[in-house]
Amino acid sequence: MSQDVEITKKKTLSLGKKWRVKRQGSILSDSQSTFEDSRITLLLFEQYRIVEMTRFCVIFGTQIIAIMEYECSFSDQFVKELEKETLTLLYIIFLMTAAAILLTLISYQVLLTYKKKAMVITPQASLLDSNLVYSLAIEILLILPTPTPFTQMIRIDFNQRYTGQLRFYYLNEILTYILTFRVILLTNITLKFSSFYSSQIGRLCRLYSTNFDTHLVFKLCMKDLPGYTLMGLFVTGMLLFGYSLEIAERALQRNETQHSVYSVMTSMWVTLTTIATVGYGEFYPTTDLGRISMAICVFWGVSYTSLFTAMLDSMFERMNCEEMVWALLEKTSVTNAMRYLSQDLIVRIKQMKIKKLENNSINLIQDSINALKQMKRQYRNIDGEDSMSKAKRKFKDINFMFQEYYLLLKEFKRLQLINTINYHYVFESHASCSQKQNSNHLQTNQTYDKQSKDDAILQDSEEDGSDLLVMEFHV
């Protein structure tokens, strides 16, 4: 018993040492490896998603506060009752924009580290050396324009088109107009929260040399969730272009002393008709900013309409099984029509046998026969498969036939090689046997000649009666 206890203690100690040795390496170690460590990439990818979620919240909060500040400043520009609150909101917007820029830099730095660990770019590459610098510059340019407390009272005058009246914008209003286009950035970040944007799918894309980005995620969402994706794009377009058009056209409803009420529903109606590519024309933008907004909305609407048309086409496209069902129903209807025509034809022929019919009846019988032949041809032409499926099936059968012929030719070649080898072997063995037989025949002829000569000598000696002398060798 004591020996068993000691043996078990030694085993546990050895296992503990092995466990301690295994625990020395961690997923955060800096050991160089030529292969991707999925634990490290998964950790970095989740860290990247957390930073992106924080950035989304900051940018979205900035959007809401900027809209509140714009509404307060526009309604209070002549009364000056909410000046302190507006200034406080401007400071908050400025600080949140700085935080959004900082989070953007951190996000791209984490993404760069993830790509290095995933072996997408070299470990020595910096952010400026990679392709990420272009998307980083675009996002920074979208985030930078923001209303600030330092540009609150700066005015920009312009003349109204068609009337020539003097109008003006505040610089913060123009910056708020540009700030509304951050909705596109928010849409891009929202795609990163879908189930298609994961570390596992990223490894699959790297395996097949495919770019893993939000463009791929958008295509997957359009394929798997087309309705929700198009609804999100529609709501995003309505909010973005409707409110930007309101900011652009609202300046026409005020002068130096007062302002009139501008209906948001007018901007929404113009945006809706533009996205739908209808454009009734009863309302239209007259300012330069409004026209820029609607020009971008036109491209948005054309893209949205194309995607919507493609979704409808895929929804109403018949599948192969549906084609088979449709063909079966069509064959059933043609069969019933052929049955009715056959019955009518038999009845008319029997009537013709009973009594003599007129030429019109004979023509009707001939027409029925022709219609029956036409329906038979129609029945034979009905095929449940579409052209592509039928072509694929035919080509598959042809490839299978060629594969069978190839295997047969390969087998014939093998048999031919075996027969050639056997022929050479038989020919060589036959030649060697014939040579041996010839040599044996010569030897037998020589011995026969010798034996015949000796026999002749013995016979001669016997006839002469002389004694044979035998040679003896003495040592």
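In case you wondered, yes, glycine gets a Cβ from its N, Cα and C as well.
According to TrEMBL, the domain 'Potassium channel' annotation covers 248-317. Under the heading transmembrane segment, TrEMBL lists 89-112, 132-150, 170-191, 228-248, 260-280, 292-312.
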When DSSP states are grouped into helix, strand and coil, how many residues of the domain 'Potassium channel' (248-317) land in each?
47 helix, 2 strand, 21 coil
For the transmembrane segment (292-312), could you work out the same-chain residues 6 or more beyond its ends whose Cβ comes under 8 Å from its Cβ atoms?
177, 222, 226-227, 230, 233-234, 237, 241, 244-245, 248, 270-271, 274-277, 284-285
Find the average pLDDT over the domain 'Potassium channel' (248-317) in the predicted model and report it.
83
